[in-house]
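Step one of this worksheet: look at the structure below.
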Amino acid sequence: MIPLKIAIAGANGRMGRVLVEAVNNHPDTVLSGALEHSGSEALGLDAGYAVGLKTGIAISDDVDAVLAQSDVLIDFTRPEPTLKHLQKCVEKQVNIIIGTTGFDDAGKAAIRAAAEKTGIVFAANFSVGVNLTFHILDTVARVLNEGYDIEIIEGHHRHKVDAPSGTALRMGEVIAGALGRDLKQCAVYGREGHTGPRDPSTIGFATVRAGDIVGDHTALFATDGERVEITHKAGSRMTFAAGAVRAAVWVNGKTGLYDMQDVLGLNNR
């Protein structure tokens, strides 16, 4: 089997370094390129320097050159650079795995449009456990559909720039969808001051940013006399990286927009 050639965007970032390691660990993939922004101090260094690997791939800011020798790009950066990389992937007929969060509606529309021409796996979280949690939440919300207050609590490291996390929002979307609600209409983000009694139709969000928390997410369903809490805690970024590489292998040869539920066979298509 010819190894799948994978490039990593943001290769010197916290997630990018782990992605380099994950590609190296997978028996069916090979690192074909590593991207960083112009001016990065890491340009020219071996992509594996930070994790003790010698990959033979130098970190570059030449997107065209990197994509020309790659089958797929994995991007866990920020919305603006991800959308630029997305357009390049369409031009070069390179598939893309998007783990970036914080897109606005226009950004999501651009991803949907690009999926008509290339294969995209776009997910809020690439952990197998988190995606199984999404699947479970759909069932739980359908059963606990009356008389339960729903809150989503998430925690991440001090460096995370968007809140609530993409995973927390996806949990909210899954729950709202199961209940026949529109999350944009029923979400409450944080509470302060005299808020009055809780509206039973709302889904609340609370955010923690502290230390080096990799990712903690809890969906709470509470009523008189009982609470149901569904929690996922990530202890290492490798769980996300390994899932992203799995998605890259899965989407090879496909066109269209997919998520991690598709990769794991949890969606009925």
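Just so you know, glycine gets a Cβ as well, placed from its N, Cα and C.
In the shown protein chains, 24 other C-beta atoms lie within 10 A of the C-beta of Gly10 (NAD(+) binding site). Under DSSP, Gly10 (NAD(+) binding site) is assigned to coil, being neither helix nor strand in the three-state scheme. Positions annotated as NAD(+) binding site by Swiss-Prot, on the basis of sequence analysis: Gly10, Ala11, Asn12, Gly13, Arg14, Met15, Glu36, Gly99, Thr100, Thr101, Ala123, Ala124, Asn125, Phe126.
Taking all protein chains in view, 25 other C-beta atoms sit within 10 angstroms of the C-beta of His156 (active site, proton donor/acceptor). The active site, proton donor/acceptor feature in Swiss-Prot is assigned to His156.
Annotation note: Gly166 ((S)-2,3,4,5-tetrahydrodipicolinate binding site) sits in a helical segment as assigned by DSSP. Residues annotated as (S)-2,3,4,5-tetrahydrodipicolinate binding site in Swiss-Prot: His157, Gly166, Thr167.
The Cβ of Lys160 (active site, proton donor) lies under 8 Å from the Cβ of Arg209, each of these being in the same chain and 6 or more residues away along the sequence. A coil conformation is recorded for Lys160 (active site, proton donor) in the three-state DSSP classification, outside any helix or strand. For Lys160, the entry in Swiss-Prot reads active site, proton donor.
Checking each of the recorded positions His156, His157, Gly166 against Asn12 (NAD(+) binding site) by C-alpha distance, the shortest gap belongs to His157. Each residue contributes its Cα atom, and for Thr100 (NAD(+) binding site) and Gly166 ((S)-2,3,4,5-tetrahydrodipicolinate binding site) these two points are 9 Å apart. Within 8 A of the CB centroid of the (S)-2,3,4,5-tetrahydrodipicolinate site residues His157, Gly166, Thr167, the other residues of that chain are Thr101, Ala124, Asn125, Glu154, His156, Lys160, Asp162, Ser165, Ala168, Gly215, His217. The C-beta environment of Arg14 (NAD(+) binding site), restricted to residues of the same chain at least 6 apart in sequence and closer than 8 Å, consists of His159, Arg237.
Considering only the recorded positions His156, His157, Gly166, the residue whose Cα is spatially closest to the Cα of Asn125 (NAD(+) binding site) is Gly166. Proximity note: of the listed recorded positions (Gly10, Glu36, Ala123, His156), Ala123 have a CA within 10 Å of the CA of Gly166 ((S)-2,3,4,5-tetrahydrodipicolinate binding site), given in sequence order.
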